[in-house]
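Straight from TrEMBL, the features:
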{"type": "COMPBIAS", "residues": "299-311", "note": "compositional bias 'Polar residues'"}
{"type": "COMPBIAS", "residues": "321-335", "note": "compositional bias 'Polar residues'"}
{"type": "REGION", "residues": "299-335", "note": "region 'Disordered'"}
{"type": "TRANSMEM", "residues": "12-28", "note": "transmembrane segment"}
{"type": "TRANSMEM", "residues": "55-73", "note": "transmembrane segment"}
{"type": "TRANSMEM", "residues": "80-101", "note": "transmembrane segment"}
{"type": "TRANSMEM", "residues": "107-127", "note": "transmembrane segment"}
{"type": "TRANSMEM", "residues": "148-166", "note": "transmembrane segment"}
{"type": "TRANSMEM", "residues": "178-200", "note": "transmembrane segment"}
{"type": "TRANSMEM", "residues": "212-232", "note": "transmembrane segment"}
{"type": "TRANSMEM", "residues": "244-265", "note": "transmembrane segment"}
Amino acid sequence: MDQMSPDNINGLILAVSSSIFIGSSFIIKKKGLKKAGASGVRAGEGGHGYLYEPWWWAGMITMIVGEVANFAAYAFAPAILVTPLGALSIIFSAVLAHFILQEKLHIFGVLGCVLCVVGSTTIVLHAPHEQKIESVKQVWKLATEPGFLVYSALILIVVLVLIFYYAPRYGKTHMLVYVGICSLMGSLTVMSVKAVAIAIKLTFSGMNQFKYFHAWIFVLVVATCCVLQINYLNKALDTFNTAVISPVYYVMFTTFTIIASMIMFKDWASQSGLKIATELCGFVTILSGTFLLHKTKDMGNSASVSGSGRCSVSIPRDTPVFTNSGSDPSSSPEK
């Protein structure tokens with residue numbers, strides 16, 4: 001086996017560090033959300049008291065550090081090495097939630113996490129390579145072509161329906177409402193972030209891209225989408241089990257981002273039948289893992305020890321998949 005180059009080693013270290021920071025940020029932010037909810041209106045009910053909570057800001061700073069490290073990793077190593085490592089944040093977040101927040105993850109939940117990671121990694125590893133972009137104008141041209149405009153319009157329509165119709169009615173009981181908003185907008189965020197990153201890179205190389213209005217429109221889109229994502233991610237974290245939020249958000253976010261990238265950069269044209277089949281297998285694996293996570297998300301907290309000393313698990317009957325049938329696990333009096 002060939003020895004890894006110094007650049008690849010640097011990229012690997014940055015990518016792993018990014019996963020650790022991002023995974024831990026979920027836990028730190030939730031501690032802040034729980035403290036803020038104990039003395040005021042919870043984020044899941046529309047409160048914003050977490051903005052005055054140091055723990056929440058510590059989590060935000062941790063997440064920003066992780067994202068910066070992830071961005072820097074792409075400067076050293078190829079995407080095929082960096083992108084799949086983002087799945088490590090799921091495992092790290094689930095383990096920390098188990099020990100710090102006492103959000104017990106059943107063995108089948110662990111298996112669901114593994115399936116989600118394997119499926120997502122399979123898709124990322126076999127995703128087509130993007131074309132090389134050398135100008136923010138080139139990105140703008142791709143973003144304003146009919147295919148991506150239709151995709152963006154559909155995303156915005158679905159998000160508006162989720163925000164104004166489904167969120168007030170089902171947001172506190174159906175996790176996919178909040179996570180769906182974050183994931184759908186996240187796909188547009190990534191495309192805009194890529195444009196801004198290209199503009200910054202070219203500007204530092206001596207070709208100022210911020211003299212064009214295109215770059216500032218992308219900056220505005222990034223800011224708007226990020227604020228929206230943070231708001232609804234806070235609602236999801238405050239309402240549902242962190243160990244379930246992390247992998248499902250990762251799966252949905254990765255899926256929609258890959259779809260957006262394929263539409264915008266038209267990389268699907270270079271896909272072979274074998275790669276498409278492999279990606280379909282990855283999707284099936286993700287769906288299996290997500291289903292298993294939701295069906296067993298309350299089993300870890302419902303475990304009890306019988307008189308013989310053996311652990312017994314009570315499984316709630318008719319618990320809908322993708323829903324929270326009871327109160328917030330994180331607010332259980334047993335914890």
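Numbers here mean position along the shown chain, with the first residue as 1.
Cβ atoms here come from the backbone N, Cα and C positions, even for glycine.
Remember, TrEMBL labels are computer predictions, not curated facts.
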Criterion met for the transmembrane segment (107-127) and the transmembrane segment (178-200) (at least three Cβ pairs under 8 Å): no
Chain residues outside the transmembrane segment (178-200) and at least six past its termini with a C-beta under 8 angstroms from it: 71, 133-136, 139-140, 143, 152, 155, 158-159, 162-163, 167, 171, 209-210, 214-215, 218-219, 221-222, 225-226, 228-229, 232-233, 235-236, 239-240, 245, 248-249, 252-253, 255-257, 259-261, 264
CB contact flag for the transmembrane segment (244-265) and the transmembrane segment (55-73), at least three pairs under 8 A: no
Positions whose Cβ lies under 8 angstroms from the transmembrane segment (148-166), at least six residues beyond its ends: 142, 174, 177, 180-181, 184-185, 187-188, 256, 259-260, 263-264
Chain residues in Cβ proximity to the transmembrane segment (212-232) (below 8 Å; excluding those fewer than six residues from its ends, i.e. six or more beyond): 60, 136-137, 139-140, 167, 178, 181-182, 185-186, 188-189, 192-193, 195-196, 199
